[in-house]
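One structure is given here, and the rest of the page talks about it.
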Amino acid sequence: MSEEIITPVYCTGVSAQVQKQRARELGLGRHENAIKYLGQDYEQLRVRCLQSGTLFRDEAFPPVPQSLGYKDLGPNSSKTYGIKWKRPTELLSNPQFIVDGATRTDICQGALGDCWLLAAIASLTLNDTLLHRVVPHGQSFQNGYAGIFHFQLWQFGEWVDVVVDDLLPIKDGKLVFVHSAEGNEFWSALLEKAYAKVNGSYEALSGGSTSEGFEDFTGGVTEWYELRKAPSDLYQIILKALERGSLLGCSIDISSVLDMEAITFKKLVKGHAYSVTGAKQVNYRGQMVSLIRMRNPWGEVEWTGAWSDSSSEWNNVDPYERDQLRVKMEDGEFWMSFRDFMREFTRLEICNLTPDALKSRTIRKWNTTLYEGTWRRGSTAGGCRNYPATFWVNPQFKIRLDETDDPDDYGDRESGCSFVLALMQKHRRRERRFGRDMETIGFAVYEVPPELAGQPAVHLKRDFFLANASRARSEQFINLREVSTRFRLPPGEYVVVPSTFEPNKEGDFVLRFFSEKSAGTAELDDQIQANLPDEQVLSEEEIDENFKALFRQLAGEDMETSVKELRTILNRIISKHKDLRTKGFSLESCRSMVNLMDRDGNGKLGLVEFNILWNRIRNYLSIFRKFDLDKSGSMSAYEMRMAIESAGFKLNKKLYELIITRYSEPDLAVDFDNFVCCLVRLETMFRFFKTLDTDLDGVVTFDLFKWLQLTMFA
């Protein structure tokens, strides 16, 4: 069979955002209606290949060196020398997608440090319903084979259907990355390829937390337990989690890079992700012993301590029970006592498939809300609470807790409202090839004081955070994809502030909120409005004679200034203010000033118009100096936000992002001329809108001529 190369169509920028919003409104992104990743439709592509007698070749993730990686697995790396891309049908006469159902032994790690992902896949095989959500039925290398397969993954709040071809990296006739123990099953290798595709390359999968894989296969939320500080009923929590079908993983922390994947005396691997696949209590010499079953994704290197495959403890267990539990083959799976587990391992991750009864004994439906947000330099990336001058500009979200938990759950404890916050940064693995990795992220929770409770959604300002301490916060700021914490707080209103640790670190994020009882949530943002002064009415007689003489000297005998003359006048005046950092006013900015002030439409400013403009600029200069807090002659982007409000404008965070992009320098400084240009532009646009909004409903309708007139000449 020949190969058919099918190139996907990409949408970018505003077009992509509009399409995404429309898709959500149509219900796309839920598991039963997954979004076609990169617009690739599995059925359409498969049918096309079958009709043309060709095998699918995916140009969105082509079989080329760049798909392997960018550094350690980059095109010039010795590790990728000799790698070829082949289909399973070229390797075996009778390859299989899945044989007798997916099992944990189908997943053996190859030459890639993605044990965290493989541990998650291994846990996935314990639940057929979950597995077949991720690995759809009906795929094979026999009936209807066209070299194309598909998988469904949860990506930052949406389910996506990811198409891949079956060209896999091969070296010396063997799969380079994940493979099955028998060597003839390929579902796990193709799932790994789909995951590599959404993250940009195979190398992007190196190193991570099992919780990432858990969540991307389920859409669930992960809880972390540091085993040195674990609750006394952790074993019961594990049993309940396994009963619910939750996915569990664990690892041993390392103290230095040299410890990475070091093997302990009893054959445990440090810095390596294991999956927890079972838990059972057995009668051992008349006492009940709690056991836990683990699996190493390598498919080998197993625990050799008590309760390992060949240990003597099994001789003192009822033969029937022993045969049910005991694992004899070298497949990476083993039992150990829970006591040894607590002693040897450092961290446990439990991904709850739905946010039901987290750490609770009774299962009930939790309420869920998801928000998307961004951190942008100069506008919404304020850093953590250690940076009080900028912390307040971070995105803010309000939670209203009304109902307390049922008393059955907590006995005599003080009543409160339980909820989980989970902050996840987006697309960081995909951006590794550009030198960007996980940012250090976290969040703080503030109680809204009674005098501010119930007010409309207003972004809280710097003074609030200077005067109020956080009521709760994430357990730590850490450079993981997601930070999640469970809280119990009294009823009331709270504000959540997600942030990076340092200011000016850019990124996109998803904030998920899970509450046991009904709760109100909202994103806080200022409503767009302007407190514009009435347009000044002034006669020439009211203007000071000295100002008239100065204007005559600058403007000439016609007593009018053109755009060029205005630029000359303003730059001559502003150059005398040595304390200001400025490059001078541009023709474009002076044209905006003329458009704002020109009453008779001749494109020039007369004496009265110039006098009004000059008084306005003097007011802007006063505001500029007030908010140039360090007296550097320029404002920071964050200082500019306060200055704009002082000038009478309230804008939402999206507009601030646009303004900072347009009017700040690369170092995020805003000089005086750019500040004036921004305020003039804002006033012009607000006044245009006010003129057109005749019924004062905040909505205007443009025909094409009006739109062009507004955008081209405002």
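Every residue gets a Cβ built from N, Cα and C, even glycine.
Quick look at what Swiss-Prot annotates:
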- CYS115: active site (ACT_SITE)
- HIS272: active site (ACT_SITE)
- ASN296: active site (ACT_SITE)
- 543-713: region 'Domain IV' (REGION)
- 585-618: domain 'EF-hand 2' (DOMAIN)
- ASP598, ASP600, ASN602, LYS604, GLU609: Ca(2+) 3 binding site (BINDING)
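Sequence features, as recorded in Swiss-Prot, placed on the structure.
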| residue | record | Cβ neighbours (10 Å) |
| --- | --- | --- |
| CYS115 | active site | 26 |
| HIS272 | active site | 23 |
| ASN296 | active site | 26 |
| ASP598 | Ca(2+) 3 binding site | 15 |
| ASP600 | Ca(2+) 3 binding site | 10 |
| ASN602 | Ca(2+) 3 binding site | 11 |
| LYS604 | Ca(2+) 3 binding site | 20 |
| GLU609 | Ca(2+) 3 binding site | 21 |
Check the DSSP secondary structure of CYS115 (active site), expressed as helix, strand or coil.
helix
Using a 10 Å cut-off between Cα atoms, which of these recorded positions sit near ASN296 (active site): CYS115, HIS272, ASP598, ASP600, ASN602, LYS604?
CYS115, HIS272
If I take the Cα of CYS115 (active site) as reference, which of the recorded positions HIS272, ASP600, ASN602, LYS604 has the closest Cα?
HIS272
Across the domain 'EF-hand 2' (585-618), DSSP yields 23 helix, 1 strand, 10 coil
DSSP-derived class (H/G/I helix, E/B strand, else coil) of HIS272 (active site):
coil
Around the Ca(2+) 3 site recorded as ASP598, ASP600, ASN602, LYS604, GLU609, what other same-chain residues have a C-beta within 8 angstroms of the site's C-beta center?
GLU560, VAL594, MET597, ARG599, GLY601, GLY603, LEU605, GLY606
Rounded to the nearest Å - Cα separation of HIS272 (active site) and ASN602 (Ca(2+) 3 binding site):
74
